[in-house]
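As recorded in Swiss-Prot:
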- Cys351, His402, His532: Zn(2+) binding site (BINDING)
- 7-70: domain 'TGS' (DOMAIN)
- 253-555: region 'Catalytic' (REGION)
Amino acid sequence: MSEHTTSQTQVTVTLPDGESRSFPFGTTGYDIARSIGKKLAQDALAVVINGRAQDLDSPVSEDASIEIVTFDHPLGKEIFWHSASHIMAHAIEELFPGSRFGAGPAIEQGFYYDIASSHRFTESDLHDIETRMIEIGRRAIDVRREELSRQAAIDFFSSTRKDPYKVEILEDTLKDTPTVSIYHQGEFADLCTGPHLPNTSKLKAVKLTNISASFWRGDSSRESMQRIYGIAFPSEKLLKQHLAHIEEAKKRDHRKLGAELELFMLSPEVGSGLPIWLPKGAIVRNELESFLREEQRKRGYVPVYTPHIGNIGLYKRSGHYPYYSESQFPPLTYTDDLGREEQYLLKPMNCPHHHMIYSSKLRSYRDLPIRLTEFGTVYRHEQSGELNGLIRARGFTQDDSHIYCRPDQLVDEICNAIDLTKFVFATLGFDDIQIRLSLHDPENQDKYGGTKEVWEQAEKDVREAADRMNIDYFTGIGEASFYGPKIDFIVRDAIGRKWQLGTVQVDYVMPERFDLSYIGSDGQPHRPVIIHRAPFGSMERFIGVLIEHTGGNFPLWLAPVQIAVLPITDEVHDYAVQVRDTLHAAGMRVELDTRSEKIGKKIRESEVAKIPYMVIIGQKEAAAGEVSLRRHREGDQGNMTVEELKEKLAKEINDKS
């Protein structure tokens, strides 16, 4: 048999543990899972072939690295929940004929679908839909992907499905896409890129959680729709665990704790999605910003400030407009005294402003890297149904930095940015972190700025940095920004939820668009490379997640009130004031409770306020020049002098422990 023939009949598959196996040409992901083990084949949801998530029945037609996706895989829940949204739409279509469907994505905790229906859904309908979803699961309906021309898809959704929403997407959003994919599930079908579950039997448990109003394509001037949220699992046990987590999450809800602990407020008079920081919340935010500022200073960053608005031409040049136009506030139009019209945007990104700072003077290769940093407020017109306190807001502040470097400095700078982000998360108690290399989709190159060669180089650099830092990561094809690949940090909180927070992103595109340059050692102009970097992501979202992660029990260095001084009787008032003043002079945040209340009530109220330490002072302590120390949730810590207390607390604050 010739070498050529062998290469056509066999493929070499590399598994995640590095093992290589040979399989017949055209072997599917399911075949590979079955060859590894019966249990893996039963649990398999999809397959990742050379970094791209695909349906489990996808054939392997070349040598490839392979990952079998189960529910616990980094991509597993997203794929499962996306398929569950299709099963929900299928159930609704059977129960409420004539319903039509808008968007139906997986989200951080479950899925939703936007529905156009003459039926007004109520909470009582949710149980019927859940029951029908489980029934569809029991039918074990095969899910089939069909690829067809855009025109054939338009004909299908016009005549067979009678779905004007998908026709609009095909004629508008996908007008330049020659081939599209449809997923069929019995009588149900939808326009979708996938991947999806191989059949509906994987769904064993479901809970529909909420109904809200929405609009087609998020545009309030378009048709109103109804959005149903839900979550689903491959077992009842997992659903029960999730519901228990939901109860715990309600106790930790940052909106509830934010009000109880007086951290922030939301005011309809101010506007939806525009949180206001109260004094105690401002302390938490200021401490976090100061922490990052100092760490950045040590690492060579320099601060800048930029305006809250910018000329629309700036964002057209960067591509943020019209690329993000659907999530931006409408342009502000200004006419000067001469009748000349200018348009401005509320700043959707800090990046273009920083690029203008870089380009404001001639740069030498010796000047690089230049690391600009700003806590810059940006604005996004998020849909009202998606707003969620601090975690999803319309106005928020990014800890935004841009590093301008030479190509030979790039990998080192990416490594430094990764190191800083890991340090920030470790300091704040996020120990369970997944890292995703978010790459572009080469089959949809038109979605991205820059050439194929530029993207290949950028992704090579990102992989090299991740490998050098010895971090475990998974890849997400199609998850890149339009101007570059990125490293996304996904943290798991105290009750197991995942949150995407920090990011490090490589950008070869913006230097071209903004004609950025430096003079090299050869005396000629060269393009720098940009790294976009934000460990927190946004201050609002990060603090919202931190509140829920800690349950409002902030570490001492972050707590708005660090110590409550609680005198037992009025006779020790003067000594209590001395203790308060001594701790305050040492830079600690102290409250003195002089009310004529029983000490038990004072302690209970301090516990409810989640104040880390309580200093109890009675006549015995005052006479001895001591205090009795209590720790929140831990109780009595013993007696000590004020000086010993000051040293103990100062060490804990400085260590950020």
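Including glycine, each Cβ sits where the backbone N, Cα and C put it.
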Item to complete: Would you count the other C-beta atoms found within 10 angstroms of the C-beta of His402 (Zn(2+) binding site) for me?
Response: 26
Response to the item:
Near Zn(2+): residues not in Cys351, His402, His532 with Cβ within 8 Å of the site Cβ centroid are Met349, Asn350, His354, His355, Asp400, Ser401, Gln505, Asp507, Met510, Ile530, Ile531, Arg533
Response to the item:
Taken over the region 'Catalytic' (253-555), the predicted model's pLDDT averages 93
Fill in: Helix, strand and coil residues within the domain 'TGS' (7-70) as assigned by DSSP
17 helix, 26 strand, 21 coil
Response to the item:
Cβ density check for His532 (Zn(2+) binding site), other Cβ within 10 Å (all protein chains) comes to 24
